[in-house]
Amino acid sequence: MKRIGVLTSGGDSPGMNAAVRAVVRKAIYHNVEVYGIYNGYSGLINGKIEKLEIGSVGDIIHRGGTKLYTARCPEFKTVEGREKGIENLKKFGIEGLVVIGGDGSFMGAKKLTELGFPCVGVPGTIDNDIPGTDFTIGFDTALNTVIDAIDKIRDTATSHERTYVVEVMGRHAGDIALWSGLAGGAESILIPEADYDMDEIIARLRRGHERGKKHSIIIVAEGVGSGVEFGKRIEEETSLETRVSVLGHIQRGGSPSAFDRVLASRLGAYAVELLLEGKGGRCVGIQSNELVHHDILDILDKKHTVDQNMYRLSQELSI
């Protein structure tokens, strides 16, 4: 294999640039040419492809977002769209593709694999919801962004003796909520993977207030429901002054943490190794700090699960 491509797809995550950098530099180290595909699968269809050199990825390891840009691409879900994408890959002489993104991006890589084009997926999403890896690129940075926000919210919550509901990202996965809630000392954590008892949450807030607690923090993953609605109900049933903070897209931005930069560098380089070994249709990950790879079809068939021991601990510590 003498020429490979790389693209970023779906929602951006901090560390994607570090992964792109690793792909480019690792490939060039092995005398393999690298082509960047801009705007994800949309750029693949539209032919927005250009050769990348070492200088192309200079000064990006510390930058959030993605140099290659990203976009949703409904057209790629069609057979015609995918065939057009492969046609463009062949036009540039590209023999393998590294896809950096989440489960939707992996689905695109799966479709290309089924058409006979070798792809390797690199998990890049702040949600940490890709099976087969302990961590995804961007999760640690997003987690630290949320923790920083919680710490600041706690300051004002204490000053005004208020209860705060903090809504974080996670439509189907509660890792951001769970990890940030545990690290931030939240009184309650609501995640999509676990049932919750609103009456118990209310009772817990009342108990805290009765023993002189000056503030409370409730973390809600967006997939559970609206933080605003939770805030209204809490205030109505407890008479505690309650405010809601929806963190939104700030969780996706910012300079990647050291952990995410190292993770992205390791996974990006490993993806290139697999392609050069002729192993397409794979996705890479890290488990117990060891690099691993899986059949991308198997990963897409699995469902993300939350760490039940960690969730249980969060419940035990929020008495």
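For all residues, glycine too, the Cβ spot is worked out from N, Cα and C.
Remember, predicted model here, so these are calculated numbers, not experimental data.
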Of GLY11, GLY15, GLY36, which one shares the ATP site with ARG72, CYS73, GLY102, ASP103, GLY104, SER105 in Swiss-Prot? GLY11
Hey, Swiss-Prot has ADP bound by ARG21, ALA22, VAL23, VAL24, ARG25, GLY185, ALA186, GLU187, ARG211, LYS213, LYS214, HIS215. Any idea which of ARG154, ARG243, ARG252 it lists too? ARG154
Swiss-Prot substrate site partner of THR125, ILE126, ASP127, ARG162, MET169, GLY170, ARG171, ARG243, HIS249, ILE250, GLN251, ARG252, selected from GLU193, GLU222, GLU277: GLU222
Rounded Cα-Cα span from CYS73 (ATP binding site) to ARG252 (substrate binding site), Å: 20
Between the two most distant Cα atoms of the ATP-binding residues GLY11, ARG72, CYS73, GLY102, ASP103, GLY104, SER105, the distance in Å is 14
If you measure VAL23 (ADP binding site) to GLY104 (ATP binding site) at Cα, how many Å is it? 21
Select the most exposed residue of GLY11, GLY102, GLY104, GLY185, where exposure means the fewest other Cβ atoms within 10 Å, treating these as the binding-site residues. GLY185
I want to verify one value. Collapsing DSSP to three states, which class is ASP127 (active site, proton acceptor)? coil
Out of VAL23, CYS73, MET169, ILE250, the listed binding-site residues, fewest other Cβ atoms within 10 Å surround the Cβ of ILE250
